[in-house]
Amino acid sequence: NSSDLSPSFILASIPGLEAAQSWVAIPLCSAYILAVAGNCAVLLVVRMEPSLHAPMYFFLCMLAAIDLALATATVPRILSFYWFDSREISFGACLLQMFLIHTLSAIESTVLLAMAVDRYVAICHPLRHAAILTNAATAKIGLLAMARGVLFFLPLPLLLLPLPFCGSRVLSHSFCLHQDVMNLACANTTPSVVYGLTAILLVMGLDAVLICLSYILILKAVLRLAAWRERLKVFSTCIAHICVVLAFYVPLIGLSVVHRFGKDLAPLVHIIMGNIYILVPAVLNPIIYGVRTKQIKRRIL
């Protein structure tokens with residue numbers, strides 16, 4: 001019986017498994033615990049190991065902090081829904097969660113671009129690497145990433161704030177996303193659609209193009225090396241970052257495709273894609289860097 005001025009939304013449950021949703025939440029909770037433990041371990045290792053006080057590992061710490069914040073902004077609320085049947089989320093809480101998800105994703109995209117530039121400078125201009133990417137420059141990049149994410153995605157909840165919601169208020173996911181909430185409005189959402197698509201293209205889309213460009217330049221530099229063994233040794237320093245980029249962009253693209261073109265798909269597909277988008281990068285990133293980075297692996301062991 002909420003009014004149009006202050007609506008509430010209903011979080012989506014897994015179809016056909018409503019009676020067993022408390023059991024379904026166990027693997028989700030396990031993945032969240034693994035993500036928290038892994039990212040906290042990365043932060044502690046980098047802090048305690050002086051040899052890791054370098055731009056590459058500072059960027060990795062930023063990535064770990066973002067993954068922690070993104071998982072914590074969503075998973076505890078999902079677990080409260082699965083375990084305590086708390087399906088209803090207020091309009092204000094939904095907008096806040098939506099803003100955090102999109103802003104943190106934009107910040108992570110910017111940090112991944114900065115890490116790609118770090119690899120490019122380290123491989124293509126090794127003698128200038130220390131002078132270009134100083135600790136001060138790394139801190140400025142982190143602040144710029146935060147400002148960029150906030151400025152681009154703060155308008156999203158502001159555009160939804162005045163819209164009336166007079167029809168169905170059941171979301172497609174167990175958390176709030178801009179596309180999902182926007183589709184429930186019973187008013188003209190063209191400004192919100194246009195701005196949302198523009199923000200995604202100017203942040204995640206542009207970052208993806210620049211990351212690809214960085215690796216094209218890196219590949220050209222690597223192929224100039226005479227020995228194959230030397231080529232593999234140099235390019236292997238990029239393997240971890242490439243895996244992390246794929247772990248972030250593949251679920252993001254998949255979720256975007258499901259929202260844009262998968263309206264006729266089963267609700268289960270939307271829920272699974274949403275959970276993958278939230279948890280897969282947070283779980284995989286510390287594992288990837290823990291396996292690929294000898295210093296981190298040795299210190300954790």
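Note: Cβ is positioned from N, Cα and C throughout, glycine not excepted.
Listed features, source TrEMBL:
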TRANSMEM  20-45  transmembrane segment
DOMAIN    38-289  domain 'G-protein coupled receptors family 1 profile'
TRANSMEM  57-79  transmembrane segment
TRANSMEM  99-121  transmembrane segment
TRANSMEM  141-165  transmembrane segment
TRANSMEM  193-218  transmembrane segment
TRANSMEM  239-262  transmembrane segment
TRANSMEM  268-291  transmembrane segment
Considering only Cβ pairs within less than 8 angstroms, which of the stretches 20-45, 99-121, 193-218 has the most against the transmembrane segment (239-262)?
99-121
Near the transmembrane segment (141-165), which same-chain residues lie under 8 Å Cβ to Cβ, leaving out any that are not at least 6 residues past its ends?
4, 7, 9, 58-59, 62, 91, 95-96, 98-99, 102-107, 110-111, 114, 178, 181-182, 184-187, 189, 191-192, 195-196, 199, 202-203
Determine which recorded stretch among 20-45, 57-79, 99-121, 268-291 has the most C-beta pairs below 8 angstroms with the transmembrane segment (193-218).
99-121
Near the transmembrane segment (268-291), which residues from the same chain, at least 6 beyond its ends, have a CB less than 8 A from one of its CBs?
12, 14-15, 28, 31-32, 34-35, 38-39, 41-42, 60, 63-64, 67-68, 70-71, 74-75, 78, 101, 108, 172-175, 177, 240, 243-244, 247-248, 251-252, 254-255, 258-259, 262, 297, 300
Over the span of the domain 'G-protein coupled receptors family 1 profile' (38-289), how high is the average pLDDT in this prediction?
91
Within-chain partners of the transmembrane segment (99-121) [C-beta distance under 8 Å, separation at least 6 from its ends]:
55-56, 59-60, 62-63, 66-67, 69-70, 73-74, 128-129, 132-133, 141-142, 144-146, 148-150, 152-154, 156-157, 175-178, 199, 203-204, 207-208, 210-211, 214-215, 217-218, 237-238, 241, 244-245, 248, 252, 278, 281
Mind checking which residues of the chain, 6+ beyond the ends of the transmembrane segment (57-79), have their Cβ under 8 Å from one of its Cβ atoms?
11, 25, 28-29, 32, 35-36, 39-40, 42-43, 46-47, 89, 97, 100-101, 104-105, 107-108, 111-112, 114-115, 118, 135, 138-139, 141-142, 145, 174-175, 244, 275, 278-279, 281-282, 285-286, 289
